[in-house]
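J.: Let me give you the structure first, and then I'll get to my questions.
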Amino acid sequence: MANYFNTLNLREKLDQLGRCRFMDRSEFADGCNFLKGKKIVIVGCGAQGLNQGLNMRDSGLDIAYALRAEAIAEKRASFTRATENGFKVGTYQELIPTADLVINLTPDKQHSKVVADVMPLMKQGAAFGYSHGFNIVEQGEQIRKDITVVMTAPKCPGTEVREEYKRGFGVPTLIAVHPENDPKGEGMAIAKAWASATGGDRAGVLESSFVAEVKSDLMGEQTILCGMLQAGSIVCYDKLVADGKDPAYASKLIQYGWETITEALKQGGITLMMDRLSNSAKIRAFELAEEIKVQLNDLYLKHMDDIISGEFSSTMMADWANGDANLFKWREETGKTAFENSPKADGIKISEQEYFDNGVVMVAMVKAGVEMAFDAMVASGIYEESAYYESLHELPLIANTIARKRLYEMNVVISDTAEYGNYLFSHVATPILAEKLIPMLQKGDLGEPTPTVEIDNVYLRDINDAIRNHPVELIGQELRGYMTDMKRIAVGD
């Protein structure tokens with residue numbers, strides 16, 4: 001199979017990368033009615049598989065899970081999750097032939113095998129769904145021409161898909177129809193109904209393309225969403241301990257600091273996050289962010305280039321063929337870092353404001369990272385709406401996983417594809433930050449408040465203007481207007 005994106009001519013590539021339309025609420029007036037009465041079979045019962053299925057069932061749809069015979073016989077975790085939640089479970093042979101919609105929610109590396117196994121069993125004219133287009137775009141999977149191929153991609157981990165639904169809301173979602181597979185013209189109706197059933201229409205839906213989803217998703221998760229948080233956690237913890245801070249305090253400041261700081265992003269973007277700082281600290285955070293851009297922008301652009309060209313996917317798939325040797329090695333190395341093995345902060349109290357006051361360089365890393373990722377995507381032809389969701393919007397959700405069990409939890413919750421890309425980025429970013437940024441830090445940049453300095457009103461005005469007028473802030477203000485019912489995730493205590 002050839003990389004689908006690389007088979008397109010330049011005009012087709014630009015067209016697919018630029019597919020992005022924010023859909024009006026009225027387009028979801030029928031909810032998920034198009035799928036009611038139809039048999040929906042989900043293949044895979046991991047985080048996305050289970051939680052999307054729970055939401056869809058609660059929305060009135062007929063959901064069952066098709067698992068491999070050995071997974072059922074051995075009562076593996078996927079079987080246990082599905083059965084304990086009261087779902088019908090069967091083998092591919094038992095459930096696929098009568099399914100109207102088969103949704104493949106297995107890990108990326110399993111997609112080709114799943115397609116090979118289920119495609120011969122699917123009835124004429126059925127539909128096949130993905131929540132990530134890697135198999136179609138990067139592997140060039142060819143799907144039977146009578147089958148409609150759609151994507152509904154919630155922009156957060158599976159656990160949050162469920163939690164937001166239970167709160168009566170949802171998470172922003174990208175939907176798409178594969179242009180090579182829409183024989184009956186029903187693809188968009190299927191994707192819209194699926195998105196509505198998971199709660200996505202309550203938070204905002206972008207009509208996108210498989211190409212735009214994949215390229216922007218890979219960029220976001222490799223850089224700001226995971227790679228930057230991992231690199232930042234490691235270097236900031238090491239710096240705090242080297243400066244004589246209590247390791248337990250340092251651990252808590254980092255582990256819960258990302259979550260607390262990025263909660264402000266969810267409610268009011270980079271502007272609100274920066275406004276949580278004193279004027280002296282805001283100026284310092286802005287200056288540090290500009291320095292971080294100088295140090296890391298070339299790395300951000302390299303990741304974007306490798307994603308667009310297919311170099312990243314071919315490198316990762318070579319590791320798949322080698323039994324994930326690099327992935328497992330890097331995962332083990334992460335588990336041995338000082339931050340991951342730092343003591344628990346039992347009894348240590350940190351107020352919400354203290355996370356901002358004592359984490360100025362962390363705020364700077366978030367600001368710089370979001371803006372670099374957003375700018376790199378937009379410069380590559382990805383629309384601002386997609387770039388926003390794949391950078392700023394998802395960041396609080398990923399930070400929340402670190403608050404639960406540090407980097408281990410983040411890397412467990414994200415996909416293997418995201419984890420692999422995270423390691424590629426953080427392995428380069430960590431030494432750059434350690435060798436160039438950390439030696440530049442001053443008193444008050446990390447671990448204690450920024451000293452008050454005299455403020456030049458014009459300089460502060462210009463900084464505020466620069467923060468508020470960055471394109472990620474302008475589009476973010478528009479998109480957050482749709483999400484008026486957003487609930488707070490959490491703040492550290």
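We number each residue from 1, going along the chain as drawn.
Using the three backbone atoms N, Cα and C, a Cβ is placed for every residue, glycine included.
Note that this is a predicted model, so its numbers are computed, not measured.
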J.: In Swiss-Prot, the Mg(2+) 2 site includes Glu390, Glu394. Which of Asp182, Asp201, Asp217 does it also list there?
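T.: Between Asp182, Asp201, Asp217, Swiss-Prot records just one in the Mg(2+) 2 site with Glu390, Glu394, namely Asp217.
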J.: Of Cys45, Ala47, Arg68, Ser78, Gly158, Glu221, which binding-site residues are close to Glu390 (Mg(2+) 2 binding site), meaning a Cα within 10 Å of its Cα?
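T.: Correct set: Glu221.
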J.: For Mg(2+) 2, what surrounds Asp217, Glu390, Glu394 with a Cβ no more than 8 Å from their Cβ centroid?
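T.: Near the Mg(2+) 2 site, beyond Asp217, Glu390, Glu394, sit Lys155, Ser216, Met219, Gly220, Glu221, Leu225, Tyr389, Ser391, His393.
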J.: Check the Cα-Cα distances from Arg68 (NADP(+) binding site) to the binding-site residues Asp217, Glu221, Glu394, Ser415 and tell me which is shortest.
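T.: Its closest listed neighbour, by Cα, is Ser415.
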J.: Using only C-alpha positions, which one of Asp217, Glu394, Ser415 is spatially nearest Ser78 (NADP(+) binding site)? These are the binding-site residues in the record.
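T.: Closest by Cα distance to Ser78 (NADP(+) binding site) among the binding-site residues Asp217, Glu394, Ser415: Ser415.
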J.: Please report the distance from the Cα of Ala47 (NADP(+) binding site) to the Cα of Ser415 (substrate binding site), rounded to the nearest angstrom.
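T.: Pair distance, Cα basis, whole Å: 10 Å.
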J.: Could you state the CA-to-CA distance between Gly158 (NADP(+) binding site) and Asp217 (Mg(2+) 2 binding site) to the nearest Å?
T.: 15
J.: Spatially speaking, which of the binding-site residues Glu221, Glu394, Ser415 is closest to Cys45 (NADP(+) binding site)? Use C-alpha to C-alpha, please.
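T.: Spatially nearest to Cys45 (NADP(+) binding site) by Cα position is Ser415.
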